[in-house]
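First comes the structure, then the notes that go with it.
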Amino acid sequence: MQRVFSGIQPTGIPHLGNYLGALRNWAAMQADHDCVFCLVDMHSITMPWNPEDLRRQTLGSAACLLATGIEPTRLYNQSAVSAHARLGWIFNCVSRLGWLNRMTQFKDKAGKNRENHSAGLYVYPNLMAADILAFHATRVPVGDDQKQHIELANDIAQKFNHDMGTEFFPQIEAFIPPAAARVMSLRDGTKKMSKSDPSEQSRIVLTDTPDEIALKIRRAKTDSDALPSDVEGLEDRAEARNLVAIYAAMSDETMSDVLARFGGQGFGPFKNALADLLVEKLGPVATETARLMQNEDHIISVLRAGADRAREISEPIVQEAERLVGFIR
Ligand code: AQP
């Protein structure tokens with residue numbers, strides 16, 4: 001069975017972009033893949049953080065993931081399994097500065113003030129490569145924004161294999177969903193929906209109440225034209241395209257199907273229908289998350305059991321990588 005690895009940062013409650021870009025596929029892949037899913041808390045401290053928030057958000061994200069259908073034994077938090085840090089360090093020494101300089105996510109997150117960012121943010125893609133390769137995972141379900149990082153992970157695996165004269169690490173394939181692989185902000189159709197966007201109105205989170213969902217969709221930025229009757233008509237209309245793409249992904253239809261129904265109409269009825277659809281699909285996730293959050297000890301025990309399983313899989317792989325490098329164990 002092919003092994004799948006994927007992670008999410010517990011930097012806030014997962015949002016609709018995380019759900020459509022990743023989490024929904026995670027849950028679906030469990031049926032026919034050997035899955036390992038991780039709350040990548042070590043990645044979460046690459047940007048400024050508050051320890052109490054990190055703790056709370058790790059537990060909240062775990063509850064949310066379980067509520068989306070992730071099986072408890074497959075979930076753990078990264079810092080509990082030392083394989084990530086050990087292989088991450090080896091990859092810091094395999095990866096090249098020139099490769100990291102090309103990573104667009106670092107440029108986006110660091111902005112103009114690069115000198116003031118953590119070294120961790122810069123080497124983040126090396127740790128991400130270690131996250132996946134510590135499990136010899138070959139399939140990684142991610143949103144479109146992670147494509148470049150997966151390519152880098154393959155470059156690192158190849159260079160390690162070449163330098164050590166082995167075929168130890170496999171090549172990785174990104175699994176990017178065909179629809180809504182990049183969900184955009186509800187306030188600005190040119191920016192991706194993100195947990196760290198200061199505007200809460202920019203995203204729908206998986207714990208939003210029906211009223212909050214309806215309000216955010218009603219307030220979502222649009223233009224003043226009616227919806228077009230075909231997909232070409234969405235060109236240069238980033239916000240309209242985003243809402244149609246969300247509708248299509250949530251209803252498992254194509255964007256053309258959606259426009260065949262709503263094309264020619266104003267945004268009012270479409271937004272009402274979209275809000276109803278989101279409430280129908282995400283409402284049960286919010287209810288189950290709230291139920292799980294009432295028992296923090298249970299969530300902690302789920303993460304501990306998941307970490308035990310993750311250690312069992314990753315330990316022999318990382319020990320072999322350490323042996324290949326020349327470390328004495
Ligand atoms: N807007 C998005 N559309 C589609 N997929 C997305 N993902 C994230 N945003 C979108 C996918 O969700 C998975 C987990 O992402 P992450 O939390 O590890 O990191 P991120 O990509 O940096 O997400 P955020 O929300 O933007 O977090 P912050 O603000 O903390 O940096 C990944 O598979 C990602 O592709």
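Heads up, the Cβ atoms here are built off N, Cα and C, so glycines get one too.
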Given TrEMBL lists Q9, P10, T11, G17, N18, G143, D144, D145, K192, M193, S194, K195, S196 for ATP, the same-site residue among V36, V183: V183
Where Q9 (ATP binding site) falls in three-state DSSP terms: coil
Cα separation, D131 (L-tryptophan binding site) to V183 (ATP binding site) (Å, whole number): 24
Sparsest-packed among the binding-site residues, when each Cβ's other Cβ atoms within 10 Å are tallied, from D131, D144: D144
Most crowded position, judged by CB atoms within 10 A, among Q9, T11, N18 as binding-site residues: N18
